[in-house]
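**Q** Starting off with a structure, shown below.
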Amino acid sequence: MPPPWSAASPTSSPSSQPGPDEHERPFGVSEGRSKEKERQKGAVRVDVLQVTRVDSGEHHAHAHAHVQYRMYKRRWVGVCAIIVLNIVAGMSLVWFGPIANNVVEAFGFTLDEVNWLGNVVNFTYLPCAALVPAVYARLGVRRTCYIGAVLLLLSAWIRYAGTASSLSVHGKYALLIIGQIIAGVTQPVFQVLIPGYSERWFDLKGRTTATMLMSIANPIGNAIGQLISPLVETPAQSILVLAIIYSAATPFVFIVLDGPPTPPTHAGEQRSPSFMSFVRAMVGREPKERVTYMTRRERSDLVILALAFGVLVGVINAFSILTAQDFEPYGYSDDISGLFGATILLTGIVAAFITAPLFDRVFTHHLALTCKLLCPFLGGAWLGLIWAVRRNDTGALFALMAVIGVTSLTMLPVALELAVELTRNADASSAVLWASACRCAASCCLCFSYRGSSCGAMRM
């Protein structure tokens, strides 16, 4: 009779775990999250000591390393730093939107040229988003953030140099748009790292909340930019204020760390997959035994998610860039136009703070269902603007902005987490979603600008 210890525990046998090719993971089923919870129970993983009897009488003991998962309080320090950096990076996109008419008068630009000061950020984002995951893999989070901080400073003071009165109109515009291009490079540096940072530092009970806090920082920056830029007396002084804000926020980069000494979960101890592994998975060339392998259903779900996320975020970004031009023909001032855009973002931030902990602890397996329920309300609010944008209808406009903000920003971290579940590649999925948003924002800006120039006034 064989000794009782010769039978391996079924829970510890690798063969008992289903491979990624044994069944497909439909959209909305957080299988990866469920498996992670099973691994994380008790916060300590100890593999069973296995002893196998062989014919020669020798015994081979196979013991795996004792791994104790833990979290560190310092993780919140890094979260705060990333929040500040994303807030500052998000200001440049919409800074010129509420003061577009004033910039035209002060510098002699056309409205189309002012629109491009925001739109060029979106176009710059697209190629950079694909490169950032590879840079992270080579240099690490900390050193890549250092590069982003240096670019922040350069963009801020190059922009301010463009306000010099001794320059020609074309010289001013050249420096301003160069500063905006550099600012467009910094945005993916601080945005793409968010899901990966949450995975490295947080367990499943706090990951969505951490992703939410860092993800909404960029929209917070949009809101702050829309509120501050109209308050300064002249566009030149406004650009100086932006440069000072950038300079004050840059030192926060020194408290961003690569990763904890001990990971919080099994996923956190894995090496981040490369962007090329994601590309291979999307074209069906990734080997099935790898964790980054994606079924056809997962690939199609990711395409749908990227398109929806692009519209979700991109339309808001385009709307924020063009707020003054959208509402000025109907008698609304730059201050009120800025408040419209800020309402979208501030109400959404409040909603995200409330809902993110619920997704972590209560509605863990209802992420996709949330998107399906909220999207019709969001679409109805955008359609409502067709009839609400008219003179002396401030109350209805603020109400619609609040609905748009609550539904949009609630879905923002949810979509990012769903993309991680589908790809098992946090950096690549984040890059794809944010690039889709910038592509949509750039397209919307061009369409709105063309519509406005052909009709003499911007139409919603």
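Backbone N, Cα and C define each Cβ position, glycine as well.
As annotated in TrEMBL:
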{"type": "REGION", "residues": "1-42", "note": "region 'Disordered'"}
{"type": "COMPBIAS", "residues": "1-19", "note": "compositional bias 'Low complexity'"}
{"type": "COMPBIAS", "residues": "20-41", "note": "compositional bias 'Basic and acidic residues'"}
{"type": "TRANSMEM", "residues": "76-96", "note": "transmembrane segment"}
{"type": "TRANSMEM", "residues": "116-137", "note": "transmembrane segment"}
{"type": "TRANSMEM", "residues": "144-161", "note": "transmembrane segment"}
{"type": "TRANSMEM", "residues": "173-197", "note": "transmembrane segment"}
{"type": "TRANSMEM", "residues": "302-324", "note": "transmembrane segment"}
{"type": "TRANSMEM", "residues": "336-359", "note": "transmembrane segment"}
{"type": "TRANSMEM", "residues": "371-389", "note": "transmembrane segment"}
{"type": "TRANSMEM", "residues": "395-416", "note": "transmembrane segment"}
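Just tell me what is around each of these and how deep it sits.
**A** Taking Cβ pairs closer than 8 Å, the transmembrane segment (173-197) reaches residues 78-79, 82, 85-86, 89-90, 92-93, 107, 109, 113, 116-118, 120-125, 128-129, 132-133, 136, 141, 144-145, 147-148, 151-152, 154-159, 161-162, 167, 210-211, 214-215, 218, 239, 272, 416-417, 419-420, 426-427, 429-431, 434-435 in its own chain, all 6 or more past its ends.
Packing against the transmembrane segment (302-324) from elsewhere in the chain are residues 27, 93-94, 96-101, 115, 118-119, 122, 219, 222, 226, 282, 294, 334, 337-338, 340-341, 344-345, 371, 375, 378, 382, 404, 408, 411-412, 415, 418-419, 422-423, 429, 432-434, 436-445, 448-449, 458: each is 6 or more residues past its ends and has a CB under 8 Å from a CB in it.
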**Q** Quick test of the contact rule: Cβ under 8 Å, at least six residues beyond the ends. What residues does that give for the transmembrane segment (144-161)?
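**A** Tertiary neighbours of the transmembrane segment (144-161) are 85, 88-89, 92, 132, 135-136, 175-176, 178-183, 185-186, 189-190, 193, 239-240, 242-243, 245-247, 249-250, 253, 256.
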**Q** Does the transmembrane segment (116-137) reach the transmembrane segment (371-389), going by 3 or more CB pairs under 8 Å (6 or more apart in sequence)?
**A** no
